[in-house]
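Lifted from Swiss-Prot, the feature list:
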type	residues	note
DOMAIN	21-195	domain 'Exonuclease'
BINDING	Asp24, Glu26, His182, Asp187	Mg(2+) 2 binding site
BINDING	Asp24	Mg(2+) 1 binding site
SITE	Phe78	site 'Important for substrate binding and specificity'
SITE	Phe125	site 'Important for substrate binding and specificity'
SITE	Phe147	site 'Important for substrate binding and specificity'
ACT_SITE	His182	active site, proton donor/acceptor
Amino acid sequence: MTEQVTDHNLLKHRFRGYLPVIIDVETAGLNAKTDALLELAAITVKMDQQGYLVPDQKCHFHIQPFENANINADSLKFNGIDIHNPLRGAVAEAIAIPEMFKMVRRAIKEQGCQRAVIVAHNATFDQAFLQAAVKRINAKRDPFHPFAMFDTASLAGLMYGQTVLVKACQIANIAFDGKQAHSALYDTEKTTELFCAMVNRLKDLGGFPLLNPK
């Protein structure tokens with residue numbers, strides 16, 4: 001009987017059938033239940049022919065504060081968002097989140113995965129705001145695992161000894177423009193580069209696949 005060989009250059013075999021999706025949110029505070037979600041970006045990943053992780057599809061939305069949302073002025077000053085600027089082109093949560101879900105479900109199908117898992121820097125924050133918005137709009141067919149996540153702050157601490165995004169990027173030789181930080185799209189792009197760099201470095205060091213898996 002021929003032993004089945006696992007192709008580790010396929011993404012579906014790298015994370016137990018999960019598709020990593022890197023996200024970042026910008027908000028009007030720290031409380032996911034009461035404070036407004038103002039910006040959301042997401043990037044999927046794929047494997048190249050050599051089994052290295054690379055960025056794939058992306059989406060980005062400016063989001064209108066939900067009804068009666070709390071707006072913390074200090075948070076707006078920190079992220080530089082002017083919620084009254086018509087040029088933001090902000091859309092409702094009920095538009096942005098289902099559109100992001102469509103992109104993720106499409107990527108899951110393309111990569112032969114079963115479900116998505118959130119990847120983010122200090123991921124509990126982003127996951128909490130996304131889940132709160134999903135609950136507010138009663139979104140259907142959520143492709144994400146309800147509690148599993150990959151936190152790049154923790155992973156970068158392990159790989160590089162740095163937990164701050166910009167410092168981890170510097171150690172990983174990833175260019176980082178501090179003036180563009182706290183834009184959800186830019187931060188997601190840099191977090192994606194960092195996540196891919198860490199996964200690929202582990203591959204180069206012989207850390208995956210395991211030579212003698214039990």
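Just so you know, glycine gets a Cβ as well, placed from its N, Cα and C.
Feature map: annotations from Swiss-Prot on the structure.
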residue : record                                                 : Cβ contacts under 8 Å, 6 or more apart
Asp24   : Mg(2+) 2 binding site                                  : Leu40, Ala41, Ala120, His121, Asp126, Ala184, Leu185, Asp187, Thr188, Thr191
Glu26   : Mg(2+) 2 binding site                                  : Leu38, Glu39, Asn79, Ile81, His182, Ser183, Ala184
Phe78   : site 'Important for substrate binding and specificity' : His182
Phe125  : site 'Important for substrate binding and specificity' : Val25, Leu30, Ala32
Phe147  : site 'Important for substrate binding and specificity' : none
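Under the DSSP three-state reduction, Asp187 (Mg(2+) 2 binding site) is assigned to helix. DSSP classifies Asp24 (Mg(2+) 2 binding site) as strand under the three-state reduction. Residue density at Asp187 (Mg(2+) 2 binding site): 25 other Cβ atoms are found within 10 A of its Cβ, drawing on all protein chains shown. Averaged over the domain 'Exonuclease' (21-195), the predicted model has a pLDDT of 97.
Summary of the Mg(2+) 2 site environment: with the site residues Asp24, Glu26, His182, Asp187 set aside, the chain residues having Cβ atoms within 8 Å of the Cβ mean position are Val25, Glu39, Ala41, Asn79, Ala181, Ser183, Ala184, Leu185, Tyr186, Thr188.
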